[in-house]
């Protein structure tokens, strides 16, 4: 019986060309692929036939089933299994024409299609499909015209029906490490993947990770029946973090070399290991001396690691000499390991060459045997024996030539170029280019950026990401590390980047200690001076004045929250125009989600307001929210998919609905006011940085405009009046609601810079 646990569908385009497919398949089979389907939508029939013959020879030798997609005549001619889609040869006709000993698979997009083929087979007496490909699980770039996504629950429902009829099933479309374990708890028999393996730098490693993640026996029911020892044994080959080895020199001050590599590996979610090639006496001012231990000691270090630990990826840094390069190359060629990323350390910051001609030539030879090379602009020029590029296009052209002649992926890094952008790019051997936008950070503290990017890249590739996705993540992470480098205060020269800033920021954001104003003792609320406590951080002078003593007291109580908002990365980058567009788009999407619920809260206030004037104003505000929401969708989100509210957005809107529907009027007004007041204050502050070329000019104009400012003043006045008329207990509750809403406001702004960091290799 065929093992469908890991079913690979080939794609010559994703694989870098038809000539690369067989090599990818061979590697993937070594990693655990159990079924291979030849799918090629772009080549002519003769090319497909030739590819089928090549893969048949390979798969027969490896004992793996080969399936051909769509081509019934080729399947019959070569004795291959066949897979057809809903728009191909009708199933019953294909089953009758295909020899009985060959398996026939069918794409199923919904339950009706499965019921239909079961009924057709019963009516005609034709055998049921041997296997069905159910999907898509999620939207996928490899089949943009696919049916609507089913989700894991939809897959499970269809697979259960198939199982009842003795039909095997695999999940396809948007399948990867991120959902493999979840799919393993459904009745499906396997995972069907395309890009997860076809674009992987190491197909074998990618396949192994998928096989490890997909444990069909570990359903929620059976897990409870297994002992803890059995569970530990079952997952012994599923490490919690990719194991990444750095082979490089040292930096005692920690900014470069193995010290930077280990920080970068940890930042990327990996477990870092290191083998030292050279001991370097350097600091932020430069290199003083270099001591290279005997090669026998280097070999002993390598033996110590490889004899004991599985190495999921390797980052190569400073190798120093031709002998060292040759030894490392020999070692890598004779030992099992994951993808190799080579950072060709050849040029010092001063411009001096660090390697002699023989060592440079050895590095060029080594490049043929690694998966990714990450030279800076001067190093790329040396590798190509050319003058340094002065534009990104020139650098990409050099990289295309080197990638083609050395059959490796080259990362072009724009840091040494000039201009506002310091983009990075993936250049594949087939000449294809994937460019990652990256705004330049103006700092002299950039020591070790090359080491850091390469180590991060290796970690993300080891975690199962494509090189393109790995570069996107690493570029974004390193940009943040550069933006906060000046605050590290390490050394008096060109200091290091802040490798740990993202981790510290995320740790702080995850803190669950109740907010300070909720832990503080309740005040008596008798006066404006006794219903809340001033913040330990002085509040800035308000641009929109409080309407009286109560709202002034609330403003003075918010100093720490306001400071947190104003100094956040989101607000800082929004103001200077360096905010990444994906982060702004996410923010706008969540703002639209928020306004739909905020409108409900304002409408509720209209229904319980104590006077007709307030009722009318709240009702008008509620209507304006819906207008603004619609305008956000029209202006900023046209053509973009609208997502669901994040947990941060829901926490805020649920809080507002709860305060306005279950608490007194004054408490509800206090809860909704920070959205007005803080937004307007921030809008006026950011307006000072606005200009005609600002990428977010229109948004900044919206929240600093006179109409919004006037609405804010009116809302402040309504709260002041409500607090004047409220009882002491109501005032204290209202103050807490105002401060809680202000914290929610801070979290709402900050969430965009927390979005999109988790990748398939993260837990």
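Cβ atoms are placed via backbone N, Cα and C, with glycine included.
What Swiss-Prot says about this protein:
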BINDING   37, 38, 39, 40, 41, 69, 107, 143  4-amino-2-methyl-5-(diphosphooxymethyl)pyrimidine binding site
BINDING   70, 88  Mg(2+) binding site
BINDING   282  4-amino-5-hydroxymethyl-2-methylpyrimidine binding site
REGION    1-210  region 'Thiamine-phosphate synthase'
REGION    245-500  region 'Hydroxymethylpyrimidine/phosphomethylpyrimidine kinase'
REGION    550-763  region 'Thiaminase-2'
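Features recorded in Swiss-Prot, as mapped to the structure shown.
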| residue | record | CB count, 10 Å |
| --- | --- | --- |
| 37 | 4-amino-2-methyl-5-(diphosphooxymethyl)pyrimidine binding site | 23 |
| 38 | 4-amino-2-methyl-5-(diphosphooxymethyl)pyrimidine binding site | 27 |
| 39 | 4-amino-2-methyl-5-(diphosphooxymethyl)pyrimidine binding site | 19 |
| 40 | 4-amino-2-methyl-5-(diphosphooxymethyl)pyrimidine binding site | 21 |
| 41 | 4-amino-2-methyl-5-(diphosphooxymethyl)pyrimidine binding site | 11 |
| 69 | 4-amino-2-methyl-5-(diphosphooxymethyl)pyrimidine binding site | 21 |
| 70 | Mg(2+) binding site | 19 |
| 88 | Mg(2+) binding site | 17 |
| 107 | 4-amino-2-methyl-5-(diphosphooxymethyl)pyrimidine binding site | 21 |
| 282 | 4-amino-5-hydroxymethyl-2-methylpyrimidine binding site | 19 |
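Taking residue 70 (Mg(2+) binding site) as the reference point, the binding-site residues whose C-alpha atoms are within 10 Å of its C-alpha, out of 39, 107, 282, are 39. Taking CA atoms as the reference points, residue 41 (4-amino-2-methyl-5-(diphosphooxymethyl)pyrimidine binding site) and residue 282 (4-amino-5-hydroxymethyl-2-methylpyrimidine binding site) are 55 Å apart. Separation of the C-alpha atoms of the residue listed as '4-amino-5-hydroxymethyl-2-methylpyrimidine binding site' and residue 39 (4-amino-2-methyl-5-(diphosphooxymethyl)pyrimidine binding site): 54 Å, rounded to the nearest whole number.
The predicted model assigns the region 'Thiamine-phosphate synthase' (1-210) a mean pLDDT of 90. In this structure, the CA atom of residue 38 (4-amino-2-methyl-5-(diphosphooxymethyl)pyrimidine binding site) is 16 Å away from the CA atom of residue 88 (Mg(2+) binding site).
Annotated pair residue 69 (4-amino-2-methyl-5-(diphosphooxymethyl)pyrimidine binding site) and residue 88 (Mg(2+) binding site), C-alpha to C-alpha distance, rounded: 10 Å. Residue 41 (4-amino-2-methyl-5-(diphosphooxymethyl)pyrimidine binding site) falls within neither a helix nor a strand when secondary structure is assigned with DSSP, and so counts as coil.
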